[in-house]
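**Q** One structure, pasted below without further comment.
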Amino acid sequence: MSLSRYEIKINGLVQGIGFRPFIYQLAHKLNINGWINNSSEGVTIQIECSPETLNLFIAKIKQEKPQQSYIENLVISSLNFVGYKSFIIRDSQKENKPISASILPDLSTCNDCIKELFDCQNRRYRYPFINCTNCGCRYSIIKKIPYDRIFTTMSKFEMCEECEKEYKNPLDRRFHAQPNACEKCGPHLELWNQKGEILAKFDQALQTTCELIKQGKILAIKGLGGFHLVIDSRNKLAVNKLRQLKNRPDKPFALMYPNLDKITQDCYVSSLEKKILLSSASPIVLLRRKKENSLSLICSEIAPNNPYLGIMLPYTPLHHLLLAELNFPIVATSGNRHSEPICIDETEALVKLNSITDYFLVHNRPIFSPIDDSIVRVIDNQVIILRCARGYAPLSITLKNQNIARDKNILALGGHLKSAIALKIDNKVFLSQYLGNLDNLENEELLDNTTKKLNNIYQIKPDLITCDLHPDYYSTKYAETIIDKFHKEGKLSKNEDRKNSISLVKVQHHIAHIYSVIAEHNLNLPLLAIAWDGTGYGLDKTIWGGEFFLITEEKIQRIATFSPFPLLGGERAIIEPKRITLALLSQTFKAENNLDTIINKLKINQYFCSQELAILKKMLAKQINSPLTSSVGRLFDGISCLLKPKEIITFEGQAAMALEYLTNDIITTETYPFSWQYNADQCNYIYWESIVKNIVKEYLENQSINNISVKFHQTLVKVISTVAEKVRLKNIVLAGGCFQNKYLLENTIHSLRKNNFQVYYSKKVPTNDGGLALGQILFSLSPNSIKF
């Protein structure tokens, strides 16, 4: 039988997952000669075989590939026969072409490694850094592509003889496992006190840590992508102490449970939620709590007034050892000072966390990229990523539109809250991990460093930079700074015609939200898009957040929005939603001239001192420091504070979440009246005043605030359905942070589907501002002729 030579190029998630060893073993089973190596795009394979064997080889690659791998594209070409004598894994070759290989996210410990970890006969027994080609650190340690040990932070650890044997043995699970190590040659643990003095090493450090947690101490533990602050979740005193020291009075703490059985004592867990908890991503999953009872494994202060718990399972060998010893849930919250990035270096942690923690459990494997725990929620029986970080990031999205400018490299800098950046190379977009809010110098530096790291990993210079339209966002200013620097230093890429090209594209906030969904689902136009969130800088320089857009190939038309209302004191109203409540009441009852009566009946006046209330009324009357907004997110805040008054909120989204949680999964078709007139040639107001008026009426009649919340949610569903019925486009996009609300999103989806609409919303990409960068990239690739 005649043999031919073939080259097979595969891209997708095929590096750092045991793909080359898999191909090596498959080739030997089928008696195929040739080679494989990592390339800038994924892997390249050359083989010599018959056409029949080639077909079998390709079929087995697709059927038997490593579980965590993902083949996006597979291209076969014929070459001249050369006569290979064996099949080998070649060293990665340097190529003069753009790098577009996906970086594998960090993976939770696999079952094989867990068995070895607790096998007293195994040489890695109780070794807290055990890993193989199927699990362990990836993105957090990668400095550049291709994914080889010398390009990771593990390069400082020289493998011992036994580890090197495994690394070079094609039949071993650790064949070409880049972080491969053991007690003899790899990283190790140390326990420090607040002075940085070593109290214990190796396994003794771990065992002493467990005893300290049991004693109610706060431990800073260096993990995979940064530090956790860890305490006994049963210990009320420890929880309250951590809240005080972290300046976190209300926000729920994340929990790590020893196993699924213990999770089910505290929460309801569906089959899909179980699958997510046990997945290689091992994120924090928001789970519905069971009613508190004597069997509860945690104290009530963990998540006050919250029907959900954020829970994850152990995902590193260190966590498995820790939880096996403790056998109770621990708080495992980000190891940072309030609002700052997670600490990744032990000396940094010793300084920044010294006033919070009692002891430090550290190790000497450097973390190159800080990465928090991901957060997901099941909505509409779909996995919805709320925070894209460990296990998912960097997230690779392929733009499948044939008209995409593949040769244009783009850097997108996202927004201000829940910041994340993205790079476009060829037809792929790589979305970074969650970077936090850009409210301080430390987070700004993290944005800067992450931008440089991703550019270095992929070795590109952007042809175009895109950012938010808001002139005061740090990300916008940073984009402008990069452009200025590139021009001054002559670093603009060769592809760019400086005279004609647009080097910076600013994208309106809600358009970016919508285009993020379009990019994730590779949607065709036209479509109706609804973008609801808390804040976004509008084209008219007001604050948008309750928007309806008709999007076609030729134009983007804002066809409807909520009638604007004032934010008393600007951003201060976001922290003190009682100001929004006052503004809504003022606008609703202005014509009746009975605002004071309503305020007194609602007893809202007790949340303001008399002088403050008088000043706020004057600000309303004279429109002083009261910017207008159409934001549905702020409408949620105002209604929430009307039903459950609160002086201030202490974390983002707190008031809106409280309103969602009042729904208690109650189903009703009742709604409040609202009014709007549809004129296809203009932006139409949706008037909410009658909604507020009826809510006040029912509240004063002592009707259940749970039922009022449900009717408010259902009214918003009705608003969307009403607009959709008028526009009559089949495809509808739901975008923006308001659709993190499970009750709102599920009921909107069901209502629209019942009327034969096709509904699209974010799943893999956060619907909040963490997904803006993806939308910015797709919009910046839109034809210049598109009109607003």
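Cβ atoms here come from the backbone N, Cα and C positions, even for glycine.
Note that TrEMBL annotation is computational and uncurated.
Dumping what TrEMBL says about this protein:
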{"type": "DOMAIN", "residues": "5-91", "note": "domain 'Acylphosphatase-like'"}
{"type": "ACT_SITE", "residues": "Arg20", "note": "active site"}
{"type": "ACT_SITE", "residues": "Asn38", "note": "active site"}
{"type": "DOMAIN", "residues": "203-391", "note": "domain 'YrdC-like'"}
**Q** Arg20 (active site) to Asn38 (active site): how many Å between their Cα atoms?
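**A** Between the Cα atoms of Arg20 (active site) and Asn38 (active site), the distance comes to 8 Å.
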**Q** Can you tell me the three-state DSSP label for Arg20 (active site)?
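**A** DSSP assigns Arg20 (active site) to helix.
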**Q** When a 10 Å sphere is centred on the Cβ of Arg20 (active site), how many other Cβ atoms does it contain?
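**A** Its Cβ has 24 other Cβ atoms within 10 Å.
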**Q** Cβ-Cβ under 8 Å from Asn38 (active site), same chain, 6 or more residues apart: which ones?
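**A** The answer is Gln15, Arg20, Ser92, Ala101, Ile145, Pro146, Tyr147, Asp148.
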**Q** Give the mean pLDDT for the domain 'YrdC-like' (203-391) on the 0 to 100 scale.
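**A** The answer is 97, the mean pLDDT of the model over that range.
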**Q** For the domain 'Acylphosphatase-like' (5-91), how many residues does DSSP put in helix, in strand and in coil?
**A** 25 helix, 35 strand, 27 coil
